[in-house]
Amino acid sequence: MLYLEDYLEMIEQLPMDLRDRFTEMREMDLQVQNAMDQLEQRVSEFFMNAKKNKPEWREEQMASIKKDYYKALEDADEKVQLANQIYDLVDRHLRKLDQELAKFKMELEADNAGITEILERRSLELDAPSQPVNNHHAHSHTPVEKRKYNPTSHHTATDHIPEKKFKSEALLSTLTSDASKENTLGCRNNNSTASCNNAYNVNSSQPLASYNIGSLSSGAGAGAITMAAAQAVQATAQMKEGRRTSSLKASYEAFKNNDFQLGKEFSMPRETAGYSSSSALMTTLTQNASSSAADSRSGRKSKNNTKSSSQQSSSSSSSSSSSSLSLCSSSSTVVQEVSQQTTVVPESDSNSQVDWTYDPNEPRYCICNQVSYGEMVGCDNQDCPIEWFHYGCVGLTEAPKGKWFCPQCTAAMKRRGSRHK
């Protein structure tokens, strides 16, 4: 029953052996590279001076160069043999581990039948992550084209997570249509605050679709969505240029990091989301309008203190109406900005919610500096620092034919070409 202790004692010297052999392999690799560089220089000098010297000198130099080439080839073969020895060493230890595990399993089964299956299942449950990490999957059943990048190598597929293909029309159309309905109902009737309030009540009496953005619940109203989008766009604009993204993931992160609390604003049920959401939104609008009006009047001195309450109420209602109209117009502007900046959004069912949780250690790609998802294309420049790009970020809809270079590499090649001219 001391299999683990024996195996640990056996592999105690393995790291040192591997380090010594890898060091020797690196030295041999450098030796071969230096020899090849020197031989290339000798060959170039040989061809430059071949016509000036006698045939005997040419034969002698040719034989010397061949001899040195064979010496470099022998060193390269020795390096390959050393790599094979390292592989055999590690493989031998792995086979030993499998044998010890099989013996240990037989002893456990002899004492308690079926105990190994229970232990293995429990170990798998402990090793499994608490939340699914994979958010985006490409269709694994489709053949991978030459220029397409398959991101499933970076994600572990699970059976209970449906495959999602990201498009911009699904969520964007719902967002803009509901916002345009609200602006039409709430902003055309600009005579008083009551007309705008009635428009919100009419709009909120209809059942609203679920938006499925993280913890965003259904029935929140398009006005609240546009206000949240405004704060998200503002937070995204303040990010560094390399960290901006063309998907709604940055907007969702801005929702979470901003003062606009989604958990409190959108946690109401569908039954009570009709009138309560519209009244809460109208209260927010009137409070903002009254506060702005109070700030604008703070620098003035009141010359007449005997105004009637009806005049004050009418003036406050008119200012509230104008501020509400300005907020409605700004909301529509924000929706347009979001529709321009957004290129990929998830296509999901109305009953499911998108899980935006991803591994922070996962490699980033593309000019948007995001993880791999959907269809990706690779730059044919071997020195490209980014290498892989999302189709939507570089304006592609299908795999390019022939060689393809990213915008950065294309601009760099144009600069080099103009410099040579």
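Here, residue 1 is simply the first one shown, and the rest follow in order.
Keep in mind that glycine also has a Cβ here, set from the backbone N, Cα and C atoms.
Here is what Swiss-Prot says about this protein:
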BINDING   C366, C368, H390, C393  Zn(2+) 1 binding site
COMPBIAS  308-324  compositional bias 'Low complexity'
CROSSLNK  K148  SUMO2 cross-link
CROSSLNK  K165  SUMO2 cross-link
CROSSLNK  K167  SUMO2 cross-link
CROSSLNK  K256  SUMO2 cross-link
MOD_RES   K181  N6-acetyllysine
MOD_RES   K264  N6-acetyllysine
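Counted over every protein chain shown, other Cβ atoms within 10 Å are most numerous around H390 among the binding-site residues C366, H390, C393. In the three-state DSSP reading, C393 (Zn(2+) 1 binding site) counts as helix. The Cβ of C368 (Zn(2+) 1 binding site) has 21 other Cβ atoms within 10 Å, all protein chains considered.
Secondary structure at C368 (Zn(2+) 1 binding site), as computed by DSSP, is coil.
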